[in-house]
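Peer 1: Found this in TrEMBL, in case it helps:
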| type | residues | note |
| --- | --- | --- |
| ACT_SITE | Cys74 | active site |
| ACT_SITE | Cys74 | active site, proton donor |
| ACT_SITE | Cys218 | active site, proton acceptor |
| BINDING | Asn12, Gln45, Asn65, Gly75, Asn76, Asn158, Asn191, Glu209, Arg210, Gly219, Ser220 | substrate binding site |
| SITE | Phe269 | site 'Important for dimerization' |
Amino acid sequence: MLRFTKMQGLGNDFVVIDAIHQAVNLDAAGLRRLADRHYGIGCDQILLVEPPPSDEVDFRYRIFNADGSEVAQCGNGARCFARFVRDKGLIDRDEIRVETASGRMVLRLEAGGEVRVDMGVPRHAPAEVPLLAAEERLGYTVNIDGVDWTFGAVSMGNPHAVITVPDVDAAPVARVGAALERHELFPERANIGFMQVLDSHHARLRVYERGTGETLACGSGACAAAVVGMLRGALQDPVRIDLPGGALRIGWRGRGTPVHMSGPAVTVFEGSIEA
Ligand SMILES: N[C@H](CCC[C@H](N)C(=O)O)C(=O)O
């Protein structure tokens with residue numbers, strides 16, 4: 001039997017598995033089954049807690065989308081990861097250093113129950129998003145079904161395209177999100193954010209996530225949207241991002257500096273499953 005903990009960060013939900021104290025042998029099909037909301041446990045992503053690859057970090061943190069694809073960043077997942085290892089007694093400190101496929105992150109459990117994540121320095125026109133333009137631009141345009149869509153491109157360790165829209169409730173997230181996620185412009189696919197700026201410190205956001213579809217919240221997507229908005233002068237540090245599942249607080253002091261994200265992390269239930 002495989003023990004797991006079901007968790008959520010603003011409704012972005014996770015199956016978290018301690019792969020230190022139990023053997024975990026899951027291929028892509030096994031991951032998809034765990035994530036399936038009818039035949040398995042159901043979640044947006046699966047998070048694995050693994051031993052640290054060096055004494056410079058406390059854990060390795062691996063992330064798999066519901067479609068079984070492994071990715072290098074998950075902001076809401078990072079907060080749940082911190083809550084999990086602390087509550088399970090796998091660490092006795094409130095500051096946790098993790099190694100991910102995109103580098104190192106520092107997670108901090110704060111008084112009041114929120115978790116603050118150093119999401120690293122955003123990369124622009126990143127390798128995963130080889131755009132038509134060789135140089136970084138604040139806007140790239142692609143035509144979908146006869147309509148031009150302009151987006152900013154940012155990597156938070158995972159690729160994001162951010163489209164500014166007048167009303168997120170009316171944004172064609174499912175149709176345009178799905179078309180852009182798999183667009184040839186993004187050979188590793190991409191997460192597609194639809195952002196409505198309310199004022200210079202506040203925006204609404206919906207995200208069609210790579211490998212999962214629209215989620216109730218996307219932490220790395222909120223960071224990417226805040227970065228694109230600030231680069232365009234539409235947003236100023238700090239920024240509150242309202243997602244369908246709730247609000248995240250994002251801080252960024254400009255190019256070359258890390259993005260910080262703060263928000264909740266909640267344990268829903270414990271379980272075990274034949275895997
Ligand atoms: N779908 C993302 C991974 C999960 C990111 C999201 N759940 C977050 O909170 O950052 C990707 O394929 O890069």
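Just so it is clear, glycine is given a Cβ too, placed from its N, Cα and C backbone atoms.
Keep in mind it's a predicted model, so treat the numbers as computed, not measured.
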Peer 1: Enumerate in sequence order the recorded positions Asn65, Cys218, Ser220, Phe269 whose Cβ-atom distance to ligand 1 is under 6 angstroms.
Peer 2: Asn65, Cys218, Ser220
Peer 1: Cys74, Cys218: which of these active-site residues has the sparsest Cβ neighbourhood within 10 Å?
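Peer 2: If we count Cβ atoms within 10 Å for the active-site residues Cys74, Cys218, the smallest count is at Cys74.
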Peer 1: Would you give the longest CA-CA distance, in whole angstrom, between residues of Asn12, Gln45, Asn65, Gly75, Asn76, Asn158, Asn191, Glu209, Arg210, Gly219, Ser220, the set recorded as binding substrate?
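Peer 2: Max span of the substrate binding residues, Cα based, is 16 Å.
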Peer 1: Out of Asn12, Asn65, Asn76, Asn191, Ser220, which of the binding-site residues is least crowded by other Cβ atoms within 10 Å?
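Peer 2: Fewest other Cβ atoms within 10 Å, among the binding-site residues Asn12, Asn65, Asn76, Asn191, Ser220, is found for Asn65.
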Peer 1: Looking only at DSSP and grouping its letters into three states, which state does Ser220 (substrate binding site) belong to?
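Peer 2: Once the DSSP labels are grouped into three classes, Ser220 (substrate binding site) ends up as helix.
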Peer 1: Give me the non-local Cβ neighbours of Phe269 (site 'Important for dimerization'): same chain, 6+ apart in sequence, Cβ-Cβ under 8 Å, ordered along the sequence.
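Peer 2: Result: Thr5, Lys6.
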Peer 1: Roughly how many Å lie between the Cα atoms of Cys218 (active site, proton acceptor) and Asn76 (substrate binding site), rounded to a whole value?
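Peer 2: So the Cα of Asn76 (substrate binding site) lies 7 Å away from that of Cys218 (active site, proton acceptor).
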Peer 1: Write down the Cα-Cα distance for Cys74 (active site) and Asn12 (substrate binding site), rounded and given in Å.
Peer 2: 10
Peer 1: Non-local Cβ contacts of Arg210 (substrate binding site) (under 8 Å, 6 or more apart, same chain)?
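Peer 2: The answer is Asn65, Ser69, Val71, Asn158, Pro159, Glu181, Arg189, Ala190, Asn191.
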Peer 1: Apart from Asn12, Gln45, Asn65, Gly75, Asn76, Asn158, Asn191, Glu209, Arg210, Gly219, Ser220, which residues in this chain have a Cβ no more than 8 Å from the mean position of the Cβ atoms of those residues at the substrate site?
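Peer 2: Checked against the 8 Å cutoff, the neighbours are Asp44, Ile63, Val71, Gln73, Cys74, Gly77, Val207, Thr212, Thr215, Cys218, Gly221.
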